[in-house]
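Asker: To start, I am sharing the structure in question, which I have written as structure tokens.
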């Protein structure tokens, strides 16, 4: 995969600049993430509040994706990316005030703004990749897109974990501010280097209608929501999965380290795939089920680990396999839809994923308060996995049968 990425980046200055802009922006997003969750953990908020924070880090993307989808049909997608960075820059006011006042509600607002802007960028990035890259380069584009969103946390989280405790959280937020400004400059340069023209269609022509698409296209749209069924409860409860034997200080440190391990696994996941076999892998239900089973098994063992290192390895391993599924899902969307429909397909899949994430994460968070974190994890992630197994083997979840639904 690294070779395929290098080949895709070679000779495409716009793709290189786009990658750098998201890496720089990711430093800021990750720092904000660390500030928010470290402060919430410091304030000893209950698991339900942590679950709500996780939901608000994703759910407002529903509205953002709808706006991004609509503007992608008529506007230059680079304008959407630039608008998203500007909104993120203005939205930093919320965490600044929240840190000074200790306001949990404002931390939630900060998460919501970040999620909204990410939702806007999903359709825009997919259209840029579909227009600017060839069919042969789509696996590399898929990996790059997955890596970009993994980097939204990993670089900032890594830097945040190093700096947290050595400098104030306000200083971390000022670094965040600078990263947004640099990212805006890089996006402007990227736009000037992109010479292909984008198709302009009416909003109705760019709309993805469920009844008019094929079985393979339906499956592609459903992959990300199905991943959320099993994965979202575990990720929402991650900061609360620290073993009870740890002290308060050790628990805070490990909770943040677990978030970093999660992002590192997300980064590595797409790199282990052979780009020449993406088409085969993306059509295999058995591969998806195997990856999700490993994901849930790893998470289920975290609360019983005697020290932090096995717990970190388990979370890292879990997200390698979850992001294998995620990258194949994104590839399926890019491969199965044309340039006009890709933004709408990505946006629809993303919105359904966020709806599933919101419902199961809140349910898992509140269940954790009454039954304990471990039982809530087993109940919700286990039920999600069981649902995926039933749907995968029944073949009745799509009205149109497709060869892509066979077990490879």
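Please read every residue number as a count from 1 along the shown chain.
Positions of Cβ are set from backbone N, Cα and C atoms, glycine also.
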Asker: Ranges 311-334, 335-358: which does TrEMBL label transmembrane segment?
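Answerer: Spelled out, TrEMBL records transmembrane segment over residues 311-334, not the other listed ranges.
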Asker: Would you say the transmembrane segment (311-334) and the transmembrane segment (220-242) are touching, if the rule is that at least three C-beta pairs must lie under 8 angstroms and be 6 or more residues apart?
Answerer: yes
Asker: Between 104-125, 170-189, 254-273, who has the most Cβ pairs under 8 Å to the transmembrane segment (80-98)?
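Answerer: Most contacts with the transmembrane segment (80-98): 104-125.
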Asker: May I ask you to check whether the transmembrane segment (311-334) and the transmembrane segment (104-125) make contact, with contact taken as at least three Cβ pairs under 8 Å and only pairs 6 or more apart in sequence counted?
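Answerer: No, the transmembrane segment (311-334) and the transmembrane segment (104-125) are not in contact.
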Asker: Which residues of the same chain, at least 6 past either end of the transmembrane segment (14-36), have a Cβ under 8 Å from a Cβ in it?
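Answerer: For the transmembrane segment (14-36), the sequence-distant neighbours (Cβ-Cβ under 8 Å, at least 6 residues beyond its ends) are 8, 53, 57, 85, 88, 92, 95, 98-99, 107, 110-111, 114, 128, 132-133, 144, 148, 151-161, 164, 169, 172-173, 175-180, 182-183, 186-187, 189-190, 193-195, 256, 259, 263.
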Asker: Of the listed stretches 104-125, 254-273, 285-305, which one has the most C-beta pairs under 8 A with the transmembrane segment (48-68)?
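Answerer: Stretch with maximum Cβ contacts: 104-125.
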